[in-house]
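According to TrEMBL, the domain 'Aminotransferase class V' annotation covers 6-340. Marked as L-glutamate binding site by TrEMBL: 42. Residues annotated as pyridoxal 5'-phosphate binding site in TrEMBL: 76, 77, 102, 151, 170, 193, 235, 236. Residues annotated as N6-(pyridoxal phosphate)lysine in TrEMBL: 194.
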Ligand code: PMP
């Protein structure tokens, strides 16, 4: 059966084992005579999937009891608005660190709701890095917002900034890719469609005390409290997406959890960065070395014509998803958790072959 070598940026490759398991269970889920999509979100079968997904995520990411796991909808873009709506109180200022397009979008939503300040930005240098150090002390702000991995530019925070207020992170494109200290964050959010599963479910991990400080004037559906009070079952959740998330989490545990995933991600990224670094300038990485992403490897070729030829040849070898984002150009290989090392080996080999030919 044909499977492409999938480097899509998101929605992105899912583990083959997960797709096959979903297929196997699709017609008759555990003898119920229906698929998981066709039953009530209040059924005992779905409830078991829902709470199992939460507990597996806790185990894999080592989420402390101080933090809650919420399943929401609307993607990361919905969180761009939810965060300031709930936590940017009148009279306060929220700090944003700009490291790419998604951080800018998060800032724009907050700016439409209250007072914001850009604590640091790498825009002037084409978002090739994350800031080395913060210029201003972020005291007395509502929170500081960062984007842990910049999907479009291929940069990633190697260690997180030390801030004195509450740290909030959009981890859409690198959640569960490496060991992190969840207790450092007041709130983490991620659309599932890169490392966690299909689109439809947004994972939020939040400090319970911080959730308690949220404003209460918002409509109920726009309050985090509504989701935490109901264990994310206030209304119908995206049941199939949560089921797929559970399968991805099971697969992650079977592979050995976060350490095994992180090790594999390092090896995968290393293969491609090695190819860039040993190409004597033929491939030029977009990201500065100290800010390189393990998830999205961005690079350019010497000309537009060569880029087009490179992409055409890659497609002929079954590789998809390699054109760079329109705002950066060049190429981008998204190598999330589910992308096997063999696919990175195939790309590295192809890059070498193409370079030698040209
Ligand atoms: N943040 C980051 C880092 C992303 O990569 C993306 C999507 N590519 C978004 C936010 C927007 O996510 P969504 O489409 O789920 O709203």
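In case you wondered, yes, glycine gets a Cβ from its N, Cα and C as well.
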DSSP state at residue 170 (pyridoxal 5'-phosphate binding site), helix/strand/coil: strand
C-alpha spacing of residue 102 (pyridoxal 5'-phosphate binding site) relative to the residue listed as 'L-glutamate binding site', in angstrom: 35
DSSP three-state assignment (helix, strand or coil) for residue 77 (pyridoxal 5'-phosphate binding site): helix
Other CB atoms, at most 10 A from the CB of residue 76 (pyridoxal 5'-phosphate binding site): 21
Close-lying binding-site residues around ligand 1 among 42, 77, 151, where CB distance stays under 6 Å: 77, 151
Spatial separation of residue 194 (N6-(pyridoxal phosphate)lysine) from residue 77 (pyridoxal 5'-phosphate binding site) - C-alpha basis, Å: 15
Inter-residue Cα distance where the pair is residue 194 (N6-(pyridoxal phosphate)lysine) and residue 76 (pyridoxal 5'-phosphate binding site), in Å: 12
Cβ packing number for residue 77 (pyridoxal 5'-phosphate binding site), 10 Å threshold: 16
Most distant Cα pair in Å, residues 76, 77, 102, 151, 170, 193, 235, 236 binding pyridoxal 5'-phosphate: 31
